[in-house]
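Engineer: Here it is: the structure, laid out below.
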Amino acid sequence: MKLEYIVGIVIILFAVQFFYGVAANPDSEFGGADGEAEGIIAQINPDYEPWFGGIGFEPPGGETESLLFALQAAFGAIIIGYIFGYYKGKGENN
Amino acid sequence: MHIFEGFLPSPWWQIWFVVSIPVILYGMYQLNKLVSQRREIIPLLAVAGAFIFVLSSLKLPSVTGSSSHPTGTGMAAILFGPAITSVLSVIVLLYQSLFLAHGGLTTLGANVASMGIIGPFVAYLFYRTASKAGMNFYLNVFLATAIANWATYVVTSLQLALAFPAAQGGALASFVAFGAVFATTQVPLAIMEGALTALIMKYVVQIKSDVLIDLRVLTSAAATKLKETMQ
């Protein structure tokens, strides 16, 4: 169980750094770092226009986007849980 | 956080495809060989792929006031090496660029190079070296994964810097600017990812240590010792 405790402490520390981040950046909406990089590109080269785009499906808004991200996580979590459960059950039968 | 669609001008998007495609092809060859020789590894391969799916969907807030996501590739890299990890990353990156407008098709080569190849290669190299030197297994997994996560975003910064050199100071000045965004945001996330990967690897040792010995991730003596300490 020791490792579980250590990981628990890391998760708590992660929450602490988040709340510190909220206090230190009161106006921040915690947008993506890729969006910030876009801002830097606009500073370096104000004329740059993305030369390609719009092939894939673009979620119409934040709600649909979070749905698709949640599906991605759920799909992965089901596979991990199923396989770990399968082997654990198999191990207990032997 | 991958490079957006259309945000790498010529010749850089082509260059990163030229870097990535041979590794992906070699990874597919390795994957075919491994799966046909050892069918018992398929479930573990699925877990490693699923772990990338879960972790790369979690956008986590960082102390810098912006968000980014872990890569989840450290586990696959330690188990199967960087070439096979690049194949798994292509699947996730394609899903995200086709359905989520996250990353992109023209930047796929660059994003695979950072998240699927160079980051995992760092993890693999660190793990194997430290393992030979006798480092504690969990500490090794933690450090290898955390450093790989961080390296992924240093590479992303470098890719953007090379494509967008600053008028004053050139690519180096751009690298510092992009690095300030990506590499600092990533530090808490890298630690988190390292801890989660160490934990999931503990459960892999618990249920499937024989496969780890087969894949030469652990020696049988090391696996026995780890299992003893769990009881």
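Each residue's number is its place along the chain shown, starting with 1.
Cβ coordinates are placed from backbone N, Cα and C, and glycine is handled just like the others.
According to TrEMBL, the protein carries these features:
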type	residues	note
TRANSMEM	B:12-29	transmembrane segment
TRANSMEM	B:41-60	transmembrane segment
TRANSMEM	B:72-95	transmembrane segment
TRANSMEM	B:107-127	transmembrane segment
TRANSMEM	B:133-153	transmembrane segment
TRANSMEM	B:160-181	transmembrane segment
Engineer: Of the listed stretches (B:72-95, B:107-127, B:133-153), which one yields the highest count of Cβ-Cβ distances below 8 Å with the transmembrane segment (B:12-29)?
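Structural biologist: Answer is B:107-127, with the largest number of Cβ pairs below 8 Å.
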Engineer: Same chain, outside the transmembrane segment (B:107-127) by at least 6, Cβ under 8 Å from its Cβ: which residues?
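Structural biologist: The answer is 2-8, 12-21, 23-24, 56, 71, 73-74, 76-78, 81-82, 85-90, 93-94, 97, 140-141, 143-145, 147-149, 151-153, 155-156, 159.
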